[in-house]
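Colleague: TrEMBL lists these features:
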type     : residues  : note
REGION   : B:1-20    : region 'Disordered'
TRANSMEM : B:48-66   : transmembrane segment
TRANSMEM : B:78-98   : transmembrane segment
TRANSMEM : B:130-149 : transmembrane segment
TRANSMEM : B:155-175 : transmembrane segment
TRANSMEM : B:207-225 : transmembrane segment
TRANSMEM : B:256-274 : transmembrane segment
TRANSMEM : B:295-322 : transmembrane segment
TRANSMEM : B:334-355 : transmembrane segment
Amino acid sequence: MTTPVVQARGIVKRYGHVTAIDHSDFELRPGEVLAVIGDNGAGKSSIVKAICGATIPDEGEILIEGKPIKFNSPIEAREMGIEIVYQNLALSPALSIADNMFTGREIRKEGWMGKYLRLLDKPAMEDFARDKLTELGLMTVQSIKQPVETLSGGQRQGVAVARAAAFASKFIIMDEPTAALGVKESRKVLELIQDVRSRGIPIILISHNMPHVFEVADRIHIHRLGKRLCTIDPKDYTMSDAVAFMTGAKEPPAQDAG
Amino acid sequence: MSDTPQPAPKGQEFEQTLDQSDTKVASFERKHHTLLERIQHVLHNNPTLVPVIVLVISLIAFGLIAGGKFFSAFNLSLILQQVSIIGILAAAQSLIIITAGIDLSVAAIMVLMSVVMGNLAVFAGVPSGIAILIGLAGGVGAGAMNGWFITKVKLPPFITTLGTWSIFYALLLWLSGAQSIRGQDIDTEAPFLKFFGASFNLGGARITLSAILMILVFVVLWYMLNKTAWGRHVYAIGDDKEAADLSGIRTDRTLLSVYGLAGFVCALAGWASIGRVGSISPQSFYEGNLDSITAVVIGGISLFGGRGSIMGALFGALIVGVFRSGLRLSGVDVLWQVFAIGWLIIIAVAIDQWIRRVSA
């Protein structure tokens, strides 16, 4: 079997008396879309946060491409090529699309102007941003220099996804990417997810939307009471099965190695 | 996005009609943009335009009212000289306000550091250059102290700087013994402290070095804010700090650097003020904090952070200077000058709010 992109074993995270993650495992395989579902409070966000460095687990180990790793912040995870699309998108409304795509990793001009005067290479950043948006079929915006606050909700989501897709070399985490979108915009985001997967970048998709999950996911990680209950193949089960497992109405299937 | 037709119909049953869906972007019947709406839109895209227009109109108005003595090269250069210190403070204040903070201690840092420089150079016999360097470093330290309370102890900027304003003010009274350092003593012991008071003639205008320093400070800070990654981060933090954090900006470190830099600029203003005033007085510039905020607000920089150009603060400071000079030359009592500045602030913020409501 190929080495998983992410493998987490026996992760524990406690907040005082509350155990948010209770000896949970997690696995993301190369090139797949892994959906993470679970009831509110099941701890699905917590486990994903532990993988990207947003929370530091108390116990357990995380292997990225087979190598054990300990992140102290999401910035460290990002430096390794792990990108996160947050539910609130983490965009700065008054800054331009290009500025937003490059926050925290701006390109400087070559030569002394960049080295000593730290001059930004705005044309290069704008070209790159335009290329990336065009690649994903999002270049319907008027100008790459327009502030993000002038975009529609769907366009903003597009910018956030394009930013993640442009810089992710390991994998992308998407937190409820379709939660705030209309039917058409959701469709576009699902297409984006498939587009990104076709480039070989695996995706962790956190979602409550069963139809969306069953449409794009290769495997579904069902989280219940702080740990992984099981992983299922959406082709073998129905949505109601998944909901039944998730809520404890039905016993999970016996697990294979997955 | 989503106004291109989808290729293969896929997905849920209820989505099957999506490819036949209307591809027009939402557009509404709307009458022609009124002139006012168009003005609003232009101003929204160029926030510095308002103070520039106000400055030009007030120059013309006072030129007409007060006549030639207002428009003389001498008077115009005098305005530049008079606003130079508050202008530099306003530059420091702009940095803070763009991060959605506020600094009530700018003038206290400035006067404290001018007292430090004066004490060291005039009384302790420290070479002027070194005394100035110590004063500038002290400014960075004082600013960083504000920044430390704000980022590490998580106090609101208003409360932090309200506190340090009193602390720095008490320190400067203690260091100076509430006594001024006389101009003659500075001249004999450490004339370099008065460097920025020097001036040269340029076609009837008397240009002081402090005015040149002010413009230099604005140009350098404008470059840093608009042309470097650091500057983009400063705006992003003022816009939405949480989003800035999530998108990988080390916000606390950036904020700390902003407060430290603002402290440095205040200390620089302290050095320039020695030349401008001619002596070092612990009682000087007591209202400098509020004057600097006035200039920033009139300059169209949003108090909510993330919006406005630092150049606006330069124009804001100049507008205040032009009003003061114009009203004085028109023979208006000082109290009415203060009255007019008060209205300017309120009108400036009202215009800012109006522009923000622009329909894109």
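Numbering starts at 1 and runs along the chain as displayed.
Cβ coordinates are placed from backbone N, Cα and C, and glycine is handled just like the others.
Automatic prediction, not curation, is the source of TrEMBL annotations.
Situate these features within the shown structure.
Modeller: For the transmembrane segment (B:78-98), same-chain residues at least 6 beyond its ends with a Cβ under 8 Å from one of its own Cβ atoms are 106-107, 110, 157, 199, 206-208, 210-211, 213-214, 217-218, 221, 225, 234-235, 238, 258-259, 261-263, 265-266, 268-269, 272-273, 276, 285, 288-289, 291-293, 295-296, 299, 301-303, 305-308, 310, 312-314, 316-318, 320-322, 324-325.
Same-chain residues lying 6+ beyond the ends of the transmembrane segment (B:155-175) with a Cβ under 8 Å from its Cβ atoms: 96, 101-105, 108-109, 111-112, 115-116, 119, 142, 145-146, 149, 282, 289.
Sequence-distant contacts of the transmembrane segment (B:207-225) (same chain, six or more residues past either end, CB-CB distance under 8 Å): 77, 80-81, 83-85, 87-88, 91, 94-95, 98, 195-201, 231, 234-235, 265, 268, 272-273, 275-276, 309-311, 313-314.
Long-range Cβ contacts of the transmembrane segment (B:256-274) within its own chain (Cβ-Cβ under 8 Å, at least 6 residues beyond either end) map to 84-85, 88-89, 91-93, 95-96, 99, 101, 103, 106-107, 109-114, 117-118, 132, 135-136, 138-144, 146-148, 150-151, 186, 193-197, 209-210, 213-214, 217, 221, 230, 234, 280, 284-285.
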